[in-house]
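This report concerns only the one structure given below.
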Amino acid sequence: MVTSSSSPPLATSQLPVMKGEEKPSNWAELPPDLLSSILLRLSPLEILENARKVCRSWRRVSKDPLIWRRIDMRNLRRLYCIYAMEACCRHVVDLSQGGLLEFNIDQWRFQTTSLLNYMAERSSNLRRLRVKGGQITSVGIFEAIVKLPLLEELELLYCSIEEEHFKTIGQACPNLKTLKLVGFWSHLNESDNDALAIADTMPGLLHLQLISNGLTNIGLNAILDGCPHLECLDLRQCFNINLFGDLERQCLERIKDFRCPNDVLDDYNYVIFSDNGSIEDEKGEEEENYSYGSDDTEYGYRRSADF
């Protein structure tokens, strides 16, 4: 969705109109500022498939790179073909013309190693990156992120990163302030590799989330020593940590917002952990009711020639 995280999608019926004598006779007469405000509330598909087709003025504004500074591609439910997903994502990256600041991609259903690199090579000013997926390789993520020296926020869900890649990422992104890592069931195996890499290379972190990570007390102590500016630390489902004594006191006194391993995931809706230990990806109502076999989108196989 091409919008801030706090702005909900805007349905066609909700499009704002001017009142009284200022109301235009048709959509083509909307002031550019108001039109830009409308498009910023729409998803990439809503712009590409609908909004830009309203009239020439809408198409012209939809090509403005400022419309594409924040791209959210999490919900490409209508693009049932993985090649169409890649094509659409690459197209919106092109439309940003190097001005992309935020990129949010749901990789759960298709491979994005090449897409991530495509985006990174054209978006060196990127500040925030969120990737969700279980197939993309550590090398693929590493090769993309090291091309983003201005990155401030990084969120990786169900992505495996090797220790040496993690360290290089920390060195390549000195402005990193927020890091969120969500694993599968890695907390079942003790491993401080992630924690030690973070402590060694990311001293400027303010917000750190390690959900379902295998770190132990050793890794936690290293993070507390190596990241002295931490304000928020989320260790939910990190069950290899034993909080007691000085370690517990240090966490509670130093960290303004501290989440313990046993704290509930009531504010976390990316994944559902079932009783039998399997992982169930949450689906919205739109996806449940949508048929991926239908061919009602121009992105089914190719991009429209007039855009």
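Every residue, even glycine, has its Cβ placed from backbone N, Cα and C.
Among the features that Swiss-Prot reports, compositional bias 'Polar residues' is placed at 1-15.
According to Swiss-Prot, the feature compositional bias 'Acidic residues' maps to 279-289.
Swiss-Prot lists 24-71 with the feature domain 'F-box', giving sequence analysis as the kind of evidence.
Swiss-Prot lists 1-26 (among others) with the feature region 'Disordered'.
Look at Swiss-Prot and you will find 279-307 (among others) tagged as region 'Disordered'.
Swiss-Prot lists 108-133 with the feature repeat 'LRR 1'. Residues 74, 82, 85-86, 89-90, 93-94, 96, 98-102, 140-141, 143-145, 147-159, 270, 281 of the same chain sit 6 or more residues outside the repeat 'LRR 1' (108-133) yet have a Cβ under 8 Å from a Cβ within it.
Here the repeat 'LRR 2' (158-183) has long-range neighbours at 108, 131-134, 136-139, 141-142, 145-146, 148-152, 193-194, 196-198, 200-202, 204-214, 234, 270-271, meaning same-chain residues at least 6 beyond its ends whose C-beta is under 8 angstroms from one of its own. According to Swiss-Prot, the repeat 'LRR 2' annotation covers 158-183.
According to Swiss-Prot, the feature repeat 'LRR 5' maps to 244-270. Sequence-distant contacts of the repeat 'LRR 5' (244-270), counting only residues of its own chain at least 6 positions beyond either end whose CB sits under 8 Å from a CB of the stretch, comprise 132, 157, 182, 211, 217, 220-221, 224, 230-238, 282.
The predicted model assigns the repeat 'LRR 2' (158-183) a mean pLDDT of 91. Secondary structure of the repeat 'LRR 5' (244-270) per DSSP (helix as H, G, I; strand as E, B; remaining residues coil): 10 helix, 3 strand, 14 coil.
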